[in-house]
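Right, one structure below, let's go through it.
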Amino acid sequence: MKLQSLLVSAAVLTSLTENVNAWSPNNSYVPANVTCDDDINLVREASGLSDNETEWLKKRDAYTKEALHSFLNRATSNFSDTSLLSTLFGSNSSNMPKIAVACSGGGYRAMLSGAGMLAAMDNRTDGANEHGLGGLLQGATYLAGLSGGNWLTSTLAWNNWTSVQAIVDNTTESNSIWDISHSILTPDGINIFKTGSRWDDISDDVQDKKDAGFNISLADVWGRALAYNFWPSLHRGGVGYTWSTLREADVFKNGEMPFPITVADGRYPGTTVINLNATLFEFNPFEMGSWDPTLNAFTDVKYLGTNVTNGKPVNKGQCIAGFDNTGFITATSSTLFNQFLLRLNSTDLPSFIANLATDFLEDLSDNSDDIAIYAPNPFKEANFLQKNATSSIIESEYLFLVDGGEDNQNIPLVPLLQKERELDVIFALDNSADTDDYWPDGASLVNTYQRQFGSQGLNLSFPYVPDVNTFVNLGLNKKPTFFGCDARNLTDLEYIPPLIVYIPNSRHSFNGNQSTFKMSYSDSERLGMIKNGFEAATMGNFTDDSDFLGCVGCAIIRRKQQNLNATLPSECSQCFTNYCWNGTIDSRSVSGVGNDDYSSSASLSASAAAASASASASASASASASGSSTHKKNAGNALVNYSNLNTNTFIGVLSVISAVFGLI
């Protein structure tokens, strides 16, 4: 893989920075009052896609049609019969395949390895068209990220849809994106003055937010610190840069990029257990909310922070803007890393300083301030709950969100599985650290499969997958594997789900199994991780299988081919033999699997566990695995009112952080 040519302009933020009206009203980290329509209602029922997303899709479809057609022409260029493409890309737009890419969590490992995987799919990457899947990303409708994967997707999207190629080409420039040669704790290395100054600024930003009357948490600190790595060209890391700003960027407005989605989990304050029935939230440029029965609602992301009752501002005609800080939302999806800040005693800080800071930080965690606080609750009294769902979210004054992988669904698949989004195939990029050696073992797929049989999976479908032992014993965690290849075997599910192209992190030219908590990478390590990710997504630049490009093409067209009852290209039959999981189970116990970065134990109740993959998916589509009888269980855990937040402790920790890094 080559990553040499500068393929896009270095001025990646030009169109975004011109749209200053979409930024925080104060051009600072502090949300502010703005006028809004007297009759505005900020909350809607999750009964379908938003009007904004629906209109945006019309623009995106025009781009994906051309890009995907071009990609499939190249992928099937050696096929004996490609007449199906004429049908798929003819006048009937409903015949065109619709695809998405989902990037897993896993810290900088997931960000960098995932970057290589995306680079392999991006026709702006040098060599991607010759040795990779170039053009696939241009043909994608949705791009979802979670935790470290969200760092990747948000970096690209909120830098005016820059490319991994451009980031790599500008590595040596000042204010380069992803300059992680030093830990986020000591961003300027031995330059104690710059490091101290940055932490002073972060402390001031978060303190100002509190002084304005908003709840704060460690996620505010984490988000401000992250932002300097992802938006270094903006003033103080985009201190006033908002999530909704992307709406005003031409590259998004015109549908020239995929629709970005990030994922977070709801958490009950005072607990550390997040299970598969936790309420799963998504953020996109227009909205945030949940499809789950325990909320079943979305709100306008631009006006987060507004005090509402059933979507109506309490103060008529008055809203809040600027709460949707891009760094804060990015941090919300990765609050696992608050635990990194809580591990200061394992860093190279002088012990007396580390101990002092740790005391404050542990108090902060004990008071549940180590989560992201969305207050006032944007869904207060918004009663769109589905039948028998608990109402604790809408009864609370606060909404508490945590890392999107804490339910052990470390690949953000659930938003993409929604029937309303009509996806045919999802490329699931798995850079999880499930094994003792920090490789994935398929657990994320297993957990999403299981979720459909729990209380939150009433309207969810996911293809059959094996247990994690089978993943490892059959080597499915070391090479791309397709799941749900034959729709005829999936009819017992709620609906026919997208075909899943699973692409796990695996070793090719570099040891990509770095610790999630490795918080600094040299330039050579960064490039090595990206290069290895490229190779993992392409079967070693096609050296391991020269037919892999064509097989990816087969996966993309499969759902539409079956829907139309059209003839499958003969070459696809061999592809599916090579890459589709055929239902084989090998559940012999494997040591060192089933681990993850999260302290919680994501599980369903015993009855739902009985529908687990290892028990039910032994033959491609056993009717006994449909789980139809388990779809009616009571709703699971959700958030409840929790108002006793210890902000005094937090003020102390801000001062300590600033002092600590001024003394390094």
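Placement of Cβ uses the backbone N, Cα and C atoms for every residue, glycine included.
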Residue from N52, N641 to which Swiss-Prot assigns N-linked glycosylation site: N52
Nearest of the glycosylation sites (N52, N170, N307) to N541 (N-linked glycosylation site) - Cα to Cα: N170
Integer Cα-Cα distance in angstrom, N459 (N-linked glycosylation site) to N489 (N-linked glycosylation site): 19
C-beta crowding around N52 (N-linked glycosylation site), within 10 angstroms: 14
Segment confidence, the domain 'PLA2c' (35-586), expressed as mean pLDDT: 93
Rounded to the nearest Å - Cα separation of N513 (N-linked glycosylation site) and N307 (N-linked glycosylation site): 44
Distance [Cα-Cα, Å, rounded] between N215 (N-linked glycosylation site) and N26 (N-linked glycosylation site): 18
Residue with minimal Cβ packing [other Cβ atoms within 10 Å] among the glycosylation sites N92, N215: N92
